[in-house]
């Protein structure tokens, strides 16, 4: 190792220069550890030699400068992991050590970094939860001042941004650089006691392969002196000396003698080098050079340096002893210390604190300044001090310069800490630190007022930061003068608060403060100790506890006293607990105090303040102007408050208060009137309800006013008689009843039992405070001034319900009209417009937005800011798009939200004018609902009618089944025939029994997206309170396991829930994390939140209902191991805030919750409180997956998704499973067809409202006659984005674009510009139109003259429409290309295209001779037609060529397309008129054709040349017929002889884009005439292909792929239910629910009545369909029909299974209860129900089911039922209970071999081998028939052969033989 160091010098070593060789001593005389005087003299002599002296000084100067530049004072930045450093214990806590490091640094050693043995002991203690006797705490193992060798384990950053240094004293890490062979006697090491032995101690020195032993004799002195006589314990830190090394380092003997250790130093024999040098070693080194504060040493043949803050008197070339402070692991830089206290190892530092800590000093002189490090100061007492440049030397970095800190300059500073390692006081010159109120807990005085910053709010209180590294606690009782339920609403993190110190314990670092304003601002003297409490002293205190004998009041520093019962008040208080409460701030007087006994007697009886004496002075003046109760007055509004109106009673302006509920008899109108009444408004006829000294309470309820005016209000109890009807208002609502107050001030109680004719669960659901009610007096007690009331409608009738209902409605509408008049007086145009709008008005508005829930928002009203809405129901199924103008009718104006509700329904917009009769009855449809009334429309005329929802003041409660909803039918009796100022007719509703219901909506539509299906298991125990807080560890048993969550039962029946995201740290994709947990398993979890049972929201721990929440738990290993767990964010009110932490493009792991069939999205959970949605189109690029997402994605499955964006309206994250969704050019995405435009293309919609267009030329790579035939709205297609320049995307559906890796054949390539067209090229296209001036389309224009259209004589224009209609697909040839005019000349002639003549099927058109073809005849019409045709032809030809170069052409084609669009418009307008003759224009969108496509021949003879084609240009020029060609037959049917067998289309659907087979392609490649043999072979191949097609259609194993295929199959096998079910599934895959229902109905009618099972299969499938896609009503209807046509029991059982599999447990339970009543004699029902109950982990319920089954079933069935239940217990429940059931049964029926056999089977599956063998042993010793015994012996033998050994097999055979012999002997006897 030494040789290696010499060859490769490291660290601070200097190189040897040739010029210095003469001055160096020989190596053999160089002693590394001791420098003799002779060497010193020799060096001095050598240095005085002539010429070498100057050179050497230069080199040394240069080297010293470089070393000095590299050197920097030890700082946190210079630390690194693995660095070995010497430290001093500064503080000892229970869980960590605070270590002082050199240069004022500080580090921490955790309790698990002492040694491995100590950590193991800690784990044992945690496991057994009891303290170990032999395990010492850290304060017992370490003491301040102890020197320890450390290694830096990690460098982290705290929350405040400061660096945190974590250290380890584990010998395994500190002595890692040593190995067994390097150990030598005399080496000084550190270690920890690992175990106690009989004759000594095993010490862990961290060297692998070495056992260190400390004999007891050598430890006696240490135990006596250092350990105070106590034996050494595990984990005790020792500084040891190696005395003896055995077995080549395998065993070492240690010594801990203080004298030996303190004199030990490193020697040459110990083989120390830079790799294994340890801190704390004392070495001998030679001083080579002394600079300012810097010393260079020579040691280990290297140079080292030492930094000293003070000048030490050390000379050069002197041998000194130094201590190693630290060694850098990479640079090998070694730092030394010459301080004497370090030169005696094993001795602790004596001084580890400074008395003047925290003092502010003036005029402290600077001793020295270190650039980038700091400055040293000399204090007055001689102590050296140091301030760091970065943190404490100045407030700004600019002022930290050497000029500002010249030696001798003075500064103001503060002592903030003391460094034991440096014996330095640490200073700070920062102004903020000097002016800080406190630096340590010792500085804080009890009772002082301090300022702090809120850190966090916990259940146990609020943590406040009051200084650097200091924080205090404010208990919940002290957060305010009153108890706060939701402190997080008042206090927020970061707020500055002003507190007062209640308690401060500096040693324990405990600080308790209060925020009670009375205490903080109190000027009275504070009691901080019992000595301060002098009799007569008045001060403020806090009631700590209320007892029967008085109150205990607490002061500062836990001083407390008693206020006896007789001192609580001047009046006697029988029950103090009703008057006082804990936390109440009170003013007390000290009566007596005994400090020695810590007793204090207090009193609340204080001298009254002088202010109270004068309060009655002005009372006499107000009596003359007093207002009497029951008086009607006029008032003027002064000010609005949140609870009501502050008013002045006219004319004397007496202040009064008018609450919101007393503004109207209608509860809903109170807030509305409060909103629109303004200061200065006058209200007339207001009633005075009550009067006190300070305020008057008023009421404006018309019912109460009329009662007082009519004199029907009794003034005293003597006037009240039972049976009287009184009108009053609800004063308060209690759990036991409602208190009603009357205008005179009298009040009574309406008990819960006579509150309503309906059953009352919660009184607050029926009545609210301030509501007007009619009460009937039932009982009067004049002595106690009490009366009982009844609020039942049957008791409190005011007359005919119709007249009461009309009166309430008129009153409500009258008040609303009053609100309109208030609005019209406002200056705002919006308010005035709303006031003028009445129901029934028709507006013409523009659709502004279509919301996600289907509702519409309109714009274009009279006022720009007007909000007009129409619900999804009022859209009436109309297709509405943004920007459309529609006529709407106003239903209602919401004057509180400033919204107008309208309807698009045509029967309302276009209402009929018909005369209506008063009192006539009409059928109406409810269109809008308010709280007090409803708006309906008459079915006959469409008039809007208002009717009251209540017929009595007390009629305010409705069950859900009684509530009206929009769209429901009602019968109304008209009371007015003309709409008044309200715009509505008035009516009353007839009998509720006549109401009709509209078609029920799907569950997924009616349920709000935010609602979640409640797990029944979570409802159990949700009412139990718990005392747990977030962060607590809990243990529980898994109750049930769902796909997305696990329910856990904790102690005391508390329910917790573990979300799928909180089970594993790293979740593999595709798995369900909940599957890793099993029912009954015990788990340890951490509480991370609490969810409210009612609202499903996560509540903060300070919420009063948090104790009743369902706890959200986490079992993630990393959250269980660490204390810094992640809790759910419960402080944020809005879910929108929670999803802001996710950004677009971020990848998250989510868990599938369900697939919403209606909305077509996947609902997922990212976290328990964060949800997301994956639109179906973003879930995959595969059609198979999109058709059956339920097969690809399972509930609870983990998915990796990309965040696309937040859905702000619903607080969901929008996710994608196909990566980032940007729809940029080149992207492939899935879309839905929304519109099919004939002959043009498709409109495609994408998620998030984006739209795109697909031209017919981009629908496919191969054109067809009907390219858009297969596209229907809502069909899913894969699209390729061509461009996004316009607001509408340009798309392509070509498979060569969307799926290029398939390399499908491109028959018709893309043409983007005229440069893509070449002469002689054959292309296909679609006829667009025939026009005079050509086609004004977006593509290349082609012109075909009449002579190039057909060989026939010029046809009539009508024939063009017949044979060349718009959209027809034809083939054309490019004759010439004119780039200047942007025109292309085309030809449709058969000799050019190889296709039949376009008019060849017309019998009235003979063929023209060559010379008869003139371009002039019929020119115009023909030209226009041909242009259209040519465009279409070009589109379809050329796909084969693009197949080879599609990847290279994609990018260049995009800009060409854009340029072409601009280029085409000009030539198109001018192109056609330049020619005299007309023609057909065609435009192109596709590319070039392959050369093989040109090789097409004319029509050949039908027989000999069938299917053969020839290139037309090979022998003859264009336009010239071949000599051998004969005229073709002209048939009226349109048949031509040109069609060969190879052009026949098979009935099978094509599997790819290319429809041509290999046989088609081969003839096209022929370039010459084929021989007869070749033609015969082709004919045979064609016939074989036809045979193959026929066989494929006849193949019974062929899978049907269309509705026609299924129809053929069901015709052939009409009674096969499998075929019918497959047919239904085929339609369901395409989400065609109605078609699937129709197939099921066909099947039930078709299948023979004898095939009962086949029909039952269809019924079950129909039940499944209705359960998944139908409503509850449709399911019930199908179920009732199935019961009629099938065996009822089977149908019931099947439906129960369907419910169970779809997790509709509530419906399944109800169905089983019906079955148990109807089929109670059927054991199958009881067994099924038992399995259902056990499957839901309800063991107790299954026991009751078994008992009920045994009571209902006959006795002969008991054994079978019990055995079945026992088997179910084995599979689903408790195996022990199952064994008990079997044992009990076998004890009753010991010879039931079938039970024994089942018991054996179950035990083999679920039990141990020992249990199985025990049962076999019992059964083979029974006295059964030999045949049965043989059966059991055989089973026993088979079991042992499979699971046992050979010996076990032989043992069974021996027992069988023994049984046979015993039987034989019995027979012989």
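Cβ atoms are placed via backbone N, Cα and C, with glycine included.
Features reported for this protein in TrEMBL:
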REGION    1-58  region 'Disordered'
COMPBIAS  27-41  compositional bias 'Basic and acidic residues'
COMPBIAS  42-58  compositional bias 'Basic residues'
DOMAIN    82-170  domain 'S1 motif'
DOMAIN    186-257  domain 'S1 motif'
DOMAIN    447-516  domain 'S1 motif'
DOMAIN    536-605  domain 'S1 motif'
DOMAIN    630-701  domain 'S1 motif'
DOMAIN    723-792  domain 'S1 motif'
REGION    995-1020  region 'Disordered'
COMPBIAS  1006-1016  compositional bias 'Acidic residues'
DOMAIN    1031-1116  domain 'S1 motif'
DOMAIN    1145-1218  domain 'S1 motif'
DOMAIN    1226-1294  domain 'S1 motif'
DOMAIN    1320-1389  domain 'S1 motif'
REGION    1399-1482  region 'Disordered'
COMPBIAS  1409-1424  compositional bias 'Basic and acidic residues'
COMPBIAS  1425-1434  compositional bias 'Basic residues'
COMPBIAS  1456-1469  compositional bias 'Basic residues'
REGION    1503-1525  region 'Disordered'
REGION    1540-1584  region 'Disordered'
COMPBIAS  1573-1584  compositional bias 'Basic and acidic residues'
**Item:** Feature contact check the domain 'S1 motif' (186-257) with the domain 'S1 motif' (1031-1116), CB under 8 Å, 3 or more pairs
**Value:** no
**Message:** Suppose I define contact as three or more CB-CB distances under 8 A, residues 6 or more apart in sequence; do the domain 'S1 motif' (1145-1218) and the domain 'S1 motif' (723-792) meet it?
**Reply:** no
**Request:** Take every residue in the domain 'S1 motif' (1031-1116), average their pLDDT values, and give the whole-number result.
**Result:** 83
**Fill in**
Secondary structure split (DSSP) over the domain 'S1 motif' (82-170) reads 23 helix, 36 strand, 30 coil
**Prompt:** What does DSSP give as the helix, strand and coil breakdown of the domain 'S1 motif' (1226-1294)?
**Reply:** 6 helix, 32 strand, 31 coil
**Request:** Determine how many residues of the domain 'S1 motif' (1031-1116) DSSP places in helix, in strand and in coil.
**Result:** 15 helix, 36 strand, 35 coil
